[in-house]
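The feature active site is assigned by Swiss-Prot to 5, with similarity to another entry given as support. The Mg(2+) binding site annotation in Swiss-Prot covers 25, 27, 85 and is backed by similarity to another entry. Under the heading active site, nucleophile, Swiss-Prot lists 41. The annotation disulfide bond is assigned in Swiss-Prot to 45-51, 47-190. Residues or ranges marked as N-linked glycosylation site in Swiss-Prot: 250.
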């Protein structure tokens, strides 16, 4: 999965997919009442990027729905996965469940079109704080109570705080999550970060009793770092330059071992090295 980083304006969906992304990451900010409000990152952000592009969250979802609904004039067949980077640090811990409920309602209405031929992309809810695990339970409860538990088949999870892998596993237990787990590791492109924790995450994925299904590394903009991440066995790379990742995947060393995921590739299925 080539994951376009910080895609927060509807116009950027086309831009990143046309550069080679089959997945995008979108920032979601919340208001004081835990309603998802904007797709917005703000300052500071990655070096070389504009930090302030934004849409109203529900409007972004409508644009995203068009981009992922077969037959729509804006449809991109290869856009198959969306990571919502949920900026919950603005909330109190006890608002996490509400944030999940409100997020589910927004997605149900504006992305899934109330279960009636909505967008088809798989969705990863990426949460920065382990203490906010009730966002997951609130989300699940709402889809169930609204009569669409089947949409949970399209939803996966990530805790993005670079926490100890054992602590993440315990948190998923509390949230009742037993699959659909992506594990991120990374840092802003302005700084360097080694691959130690990525290797631990890959080892967990490849073990017989691990909780991780997929591992992705962020934010990678250079060819050398891309090669290092691929050598470590990641499933996804988040980038500001999808074309760079696509170029490296075309190199003879990687062409035989990796391919770009399509809609038929289940993002919740573990593919071991």
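The backbone N, Cα and C atoms fix where each Cβ goes, and this holds for glycine too.
The Mg(2+) site, placed at the center of the C-beta atoms of 25, 27, 85, has further neighbours from the same chain whose C-beta lies within 8 angstroms: 5, 6, 7, 8, 26, 28, 41, 83, 84, 86, 87, 126.
Here the disulfide-bonded residues are 51, 190; the one with the fewest Cβ atoms within 10 Å of its Cβ is 190. With residue 27 (Mg(2+) binding site) as the anchor, the candidate recorded positions are 41, 45, 51, and the one with the nearest CA is 41. Each residue contributes its Cα atom, and for residue 51 (disulfide bond) and the residue listed as 'active site' these two points are 11 Å apart.
Note: the CA-CA distance between residue 25 (Mg(2+) binding site) and residue 5 (active site) rounds to 5 Å.
The most crowded of the active-site residues listed here (5, 41) is 5, judged by how many other CB atoms sit within 10 Å of its own CB.
Distance between Cα atoms for residue 47 (disulfide bond) and residue 5 (active site): 12 Å, as a whole number.
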